[in-house]
Structure formats: structure tokens, C-alpha cells
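Right, one structure below, let's go through it.
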Amino acid sequence: MIKVGIVGSTGRVGSLLIDDLANDEQAKVGAVHVFGEMTKQLPENTVVTNDMKVLLDSSDVIIDFSAPVATEALLTQIVESGNGKPLVIATTGFNKHQQNLLVEASKIVPVLYATNMSLGVAVLNKLVALASKTLADFDIEIVEQHHRHKVDSPSGTALTLAEHAANARDLDLDKVRVSGRDGIIGARTKDEIAVMALRGGDIVGRHTVGLYNDGEFIELNHTATSRNTFSRGAIKVAKWIIGKDPKLYSINDALGL
Ligand SMILES: NC(=O)C1=CN([C@@H]2O[C@H](COP(=O)(O)OP(=O)(O)OC[C@H]3O[C@@H](n4cnc5c(N)ncnc54)[C@H](OP(=O)(O)O)[C@@H]3O)[C@@H](O)[C@H]2O)C=CC1
Ligand SMILES: O=C(O)C1=N[C@H](C(=O)O)C[C@H](O)C1
């Protein structure tokens, strides 16, 4: 059995990972990193720790749905020690330093980073690239909606969708991204890509990429209706990444897209 180590094990998705792994025939929970208190019943012999080294030593692969500072501690442990285990990183909201650490860690162990672990969003990214390139005159606007507890904005998925749109048009997203409109801001500029966030209730995750022109528009939408979509997607790619060479992989590599 593959022993999975979980960072963010007490969280909304981490908790589902524990449930999904209890029903998996190839993988089980080997160890959990606990920051606060673990109240959930764990399988017998699960290693419970607040030490990233112990977590790594007790696991064959790590799945991380946590917070940027927690992922940073995991990555730092690997970069400073020069060894570790394959990583599946799903946490969003990283700063530049944390993004660099991800790249450094991927020179030591295989790392798959995906801002969204669903098959649907992986395909949506491709559709957005195609539509953005083909419909070159259309205005691109992205809206994401999430539950009231989400702490980062805009979502990692929305930023990844925006990157696909910008890259397809040879634009630098940092230069063209708009994150708010308020007051007499002037007319929309041709290349800008707005990424707007709504928060409320228990919305699992909804992303809409609109391409608007005079006389017609297209809206490409993905809605996650269950958080298990993410936990099960992460378990699938965790099985795939074991045995791979150190490198930064995308979810498309794992899904063969
Ligand atoms: N890529 C994808 O498909 C998806 C990504 N996500 C991302 O995953 C992350 C987690 O989401 P979600 O489960 O909803 O969040 P939660 O807030 O429910 O869970 C966060 C987890 O991280 C732990 N944590 C927080 N701070 C620290 C810290 N300083 N050190 C160690 N552990 C810490 C929490 O522990 P404690 O309970 O003790 O506070 C908790 O276990 C977010 O970044 C979210 O955007 C979410 C869904 C899908
Ligand atoms: O925090 C969440 O819930 C989600 N976060 C991810 C993101 O920021 O894109 C993925 C998903 O939309 C749910």
C-alpha cells in the first residue's frame, strides 16, 4: 500500500482525503501533519506529527491542501535537507518566495502543482487558450465564486485561467490583469483581463471565463459541486507521481492532456 502523508489534514479538503483514502485499494493515510488539534478518528498506526521531517520520513508521497506558510515549511525542509518525497501541492495563494521554493524543491523531488485538481478545469484551461487565441478581438473577463471561508483572492484557479488566456495572446498577465473597478475609471482597454472574486455561502468553486464582442459572447463555465472532486483528483495524481524524476509537473502531465 502507498503511504500518503497529508499536510492540512484537519482542513475541509484534508479531512476528505482521510475519508477517501480509507476506501482506496492502493493507497492509505501513512501520516498527517497537524498544526492545531486533530479530532477526527484516524486509521490505526497513522503517524500524527507537527514536524515536516517526520511526516516525510513516514510517507511515500505527500498531498498538501493547507496554507502557504505550511507549504513553505514543507518545501523548506526538502530544500534545506536535499531530500524528501514526491509532492502533490494544491494550496493556493503563494507569494514569490514560496513560488521559488516550489521550483527549488522540484530539483530534488518530483512536484506536481495544480491550482485545481479537477479534470474539468484541466480541460477548461485548454478551451480558454483556444478561445482566447481564436477570438482575438473578444474582451476577456473572469469571475470566480467561492464559499465564505476562502482566505485567498482571486482563486488560484482563476489566476491559472487568466494565465492561459494571456499566454494565448502573447500578453504578460502582470501587466494586463485588472482586479477591481470602482468610480470613473474610463473605458475598458483592449488587452485588459479582469479577474473578479465573489464570496458567499457554501459555493465549492465556480469559474466563468467570458469572451465578449459586439453582437455575440461566449461564457465558459466550470462548477465544482463536491469537494471530493479535489481530494480524489489529488489522490489520482499522487499515485501517478511516485517514481517520476525530480521536475515540476502540471496536472496535464498526469492526466495525459
Ligand atoms: N488545488 C485544488 O484543487 C484546491 C485547492 N484548495 C486550496 O487548498 C488550501 C486548503 O483549502 P481548505 O481545505 O478549504 O482550507 P482549510 O482552511 O479548511 O484547511 C487548511 C488546513 O491547513 C492547516 N493550516 C493552516 N495554517 C497552518 C500552518 N501555519 N501550519 C500548518 N498547517 C496549517 C489548517 O490547520 P488547522 O485546522 O489547525 O487550522 C487546516 O488543516 C487552500 O489554499 C485552497 O485554496 C482547495 C480546494 C481545491
Ligand atoms: O479554496 C477553495 O475552496 C478552492 N481553492 C482553489 C483555488 O483557489 O482555485 C480551487 C477550488 O476552486 C476551491
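Just so you know, glycine gets a Cβ as well, placed from its N, Cα and C.
According to TrEMBL, the features are:
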{"type": "BINDING", "residues": "Gly8, Ser9, Thr10, Gly11, Arg12, Val13, Ala90, Thr91, Thr92, Ala114, Thr115, Asn116, Met117", "note": "NAD(+) binding site"}
{"type": "ACT_SITE", "residues": "His146", "note": "active site, proton donor/acceptor"}
{"type": "BINDING", "residues": "His147, Gly156, Thr157", "note": "(S)-2,3,4,5-tetrahydrodipicolinate binding site"}
{"type": "ACT_SITE", "residues": "Lys150", "note": "active site, proton donor"}
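In sequence order, Ala90, Thr92, Thr115 are the binding-site residues from Thr10, Ala90, Thr92, Thr115 with a C-alpha within 10 Å of the C-alpha of Gly156 ((S)-2,3,4,5-tetrahydrodipicolinate binding site). DSSP classifies Gly8 (NAD(+) binding site) as coil under the three-state reduction. Neighbours of Lys150 (active site, proton donor), defined as other CB atoms within 10 A of its CB across all chains, total 18.
The DSSP secondary structure for Ala90 (NAD(+) binding site) is coil. Cα-Cα distance from Arg12 (NAD(+) binding site) to Lys150 (active site, proton donor): 11 Å (rounded to the nearest whole number).
Screening the binding-site residues Arg12, Thr92, Thr115, Gly156, Thr157 for a C-beta under 6 A from any atom of ligand 2 leaves Thr92, Thr115, Gly156, Thr157. Cα-Cα distance from Thr157 ((S)-2,3,4,5-tetrahydrodipicolinate binding site) to Thr115 (NAD(+) binding site): 5 Å (rounded to the nearest whole number). Taking the C-alpha positions, the distance from Thr115 (NAD(+) binding site) to His147 ((S)-2,3,4,5-tetrahydrodipicolinate binding site) comes to 16 Å. With a CB cut-off of under 6 A applied against ligand 1, the binding-site residues Thr10, Arg12, Thr115, Met117, His147, Thr157 are reduced to Thr10, Arg12, Thr115, Met117. Here Thr10 (NAD(+) binding site) is compared against the recorded positions His146, His147, Lys150, and the shortest C-alpha distance is to Lys150. Across the structure, His147 ((S)-2,3,4,5-tetrahydrodipicolinate binding site) and Met117 (NAD(+) binding site) are spaced 17 Å apart at their Cα atoms.
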